[in-house]
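Participant: So TrEMBL has the following annotated:
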TRANSMEM  20-43  transmembrane segment
DOMAIN    38-285  domain 'G-protein coupled receptors family 1 profile'
TRANSMEM  55-75  transmembrane segment
TRANSMEM  95-116  transmembrane segment
TRANSMEM  136-160  transmembrane segment
TRANSMEM  195-221  transmembrane segment
TRANSMEM  233-257  transmembrane segment
TRANSMEM  269-287  transmembrane segment
Amino acid sequence: GNHTLLTKFVLSGLSSHPELQHLLFSTFCLIYTITVIGNLLIFMVTVHPTLCMPMYFFLQVLSFLDISTASIIVPKMLINFLSEDRSISYMGCATQLYCVIFLGATECYILAAMAYDRYVAICNPLRYAIIMNSRVCLSLVLLSCCSGNVVSVVQTAWVFTLPFCGPRKINYFFCDIPPLIMLSCTDTSLYEKQIIMATVLVIFTPFCLILVSYACIISSILKISSAEGRHKIFSTCSSHLTVVTLYYASGTLIYLRPKSSNSQDTKKFLALIYTTFPTLNPLIYSLRNKDVKGVL
């Protein structure tokens, strides 16, 4: 009976200092521009006939997911930097949360599919074209999207069935699970356990598959006598490993302990890695890949 019906939330943003707002706006406007242009460039480069391979098909999907993630979060954040009204509607918050979880979970599975692609290419090169045909690649992408959708629907429904009776201010720059459950006036211990299970499903399971794939890849690399051959294979895989490490590590630290004692500033910084981190993906994949640099 004491629960307050909320129709909107207020996002506190990255900083409460007015003198920093214009600087933050300029910085993240530049980052967002680079993110969109860089990923669009990677997308256009990878459709070149000389790069007609499953690895570059997955890279196209990854670029699309990165642009979408940034576009869900950054434009609203830029508006809030210059506006005194930082509110977001109840439905707007729910929609943003669904999109962020859907895109993030899908990307986790796509990164696992990319690791499997590298495993087949290195460990079964003669059967690579047969195993990783267009039907298999498309099926992996669709399976990743369906899995991400299921996880997102369940998580969003769980969060927005919680009663919010405290302050409506979200100490974050977008609607995410940890800051939202902190506004609930009920015991969320059961929900926190459910988040841990979802984290294991979305992050640790694909990560274990990636580790198995790279264990087989390393075993194959060690059997190659040519140092040049080993270096070429390692160079191909290193860009993917860099993306996996940064993306999975930040997600784990945020969602494995959603109501931990870590400061919100720390969580905001970690969240920036996977929301503005797509800026680095084009640089990582282009600078570490000779074929992409050649077409570029």
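A Cβ is built for glycine as well, from the same backbone N, Cα and C atoms used for every other residue.
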Participant: Is the number of Cβ-Cβ pairs under 8 Å between the transmembrane segment (195-221) and the transmembrane segment (95-116) three or more, considering only pairs separated by 6 or more positions?
Facilitator: yes
Participant: Would you mind giving the whole-number mean pLDDT across the domain 'G-protein coupled receptors family 1 profile' (38-285)?
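Facilitator: Overall, the domain 'G-protein coupled receptors family 1 profile' (38-285) comes to a mean pLDDT of 84.
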Participant: Do any residues, 6 or more residues outside the transmembrane segment (95-116), come within under 8 Å Cβ-to-Cβ of it, and if so which ones?
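Facilitator: Apart from its flanks, the transmembrane segment (95-116) reaches 55, 58-59, 61-62, 65-66, 68-69, 72-73, 76, 88, 140-141, 143-145, 147-149, 151-153, 155-156, 159-160, 174-177, 180, 202-203, 206-207, 209-210, 213-214, 240, 243-244, 247-248, 251, 274-275.
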